[in-house]
Amino acid sequence: MAGVALGIICSALMTWAIYFSTSFDLRQLMYWMMGGFGGVDWQQSWLMIALIPVLIWICCQSQPLNMLALGETSARQLGLPLWFWRNLLVVATGWMVGVSVAMAGAIGFIGLVIPHILRLCGLTDHRVLLPGCALAGAIALLLADVVARLALASAELPIGVVTATLGAPVFIWLLLKSAR
């Protein structure tokens, strides 16, 4: 809850700064924060190349990820060094999220909703779940991009607005479903 509250406070401060700004850079920052592919071009392809080794590595880690999915006690009993794997996965996840956000801005709910939906469909083994999440996430992002481009005739909506509008209710539904 403290993280959510801090995020709301920081968001409010940034919104005030952008609202009163006459600077073009701050307005560009606002569009980047909403997420989208409008500013992405081939000059940033080196960032995508930086993702490849981490993506390959993470896809090869299905066994420790499956062990972690069993819970802390079971993973420890199976001999998994929890501290090591948690830190390693935080670094790998941070790398992937950092590169993705640097390119397209904050596009929310894809990474939260897609894995949960696939787990509800029965995909629990990370050998299948990881590529499934990549494929389903790419399809969801493509559909959100199409909606963002076609929703308004005069302008293109940021993809982050579309994913938040569609993803937030699904995420709330998932939370309510897991609480039962």
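A Cβ is built for glycine as well, from the same backbone N, Cα and C atoms used for every other residue.
Taken from TrEMBL, the feature transmembrane segment covers 6-24 (among others). Residues 30, 33 of the same chain lie 6+ residues outside the transmembrane segment (6-24) yet bring a C-beta within less than 8 angstroms of a C-beta in it.
Under the heading transmembrane segment, TrEMBL lists 84-117 (among others).
Residues of the same chain lying 6 or more positions beyond the ends of the transmembrane segment (129-151) and with a Cβ under 8 Å from any Cβ of it are 36-37, 58-59, 62, 65, 107, 110-111, 113-115, 117-119, 123, 157-159, 161-163, 166. Annotated transmembrane segment per TrEMBL: 129-151 (among others), in sequence order.
Residues annotated as transmembrane segment in TrEMBL: 157-176 (among others).
Beyond the ends of the transmembrane segment (157-176), by six or more residues, the same chain brings 31, 33-38, 104-110, 112-113, 116-117, 140-141, 144-145, 147-149, 151 to within a C-beta distance below 8 angstroms of the stretch. Below 8 angstroms of C-beta separation, residues 31-37, 40, 44, 47-48, 50-51, 54-55, 57-58, 61, 64-65, 68, 129, 133, 136-137, 140-141, 144, 158-160, 163-164, 166-168, 170-171, 174 of the same chain, each at least six residues beyond the ends of the transmembrane segment (84-117), sit close to that stretch.
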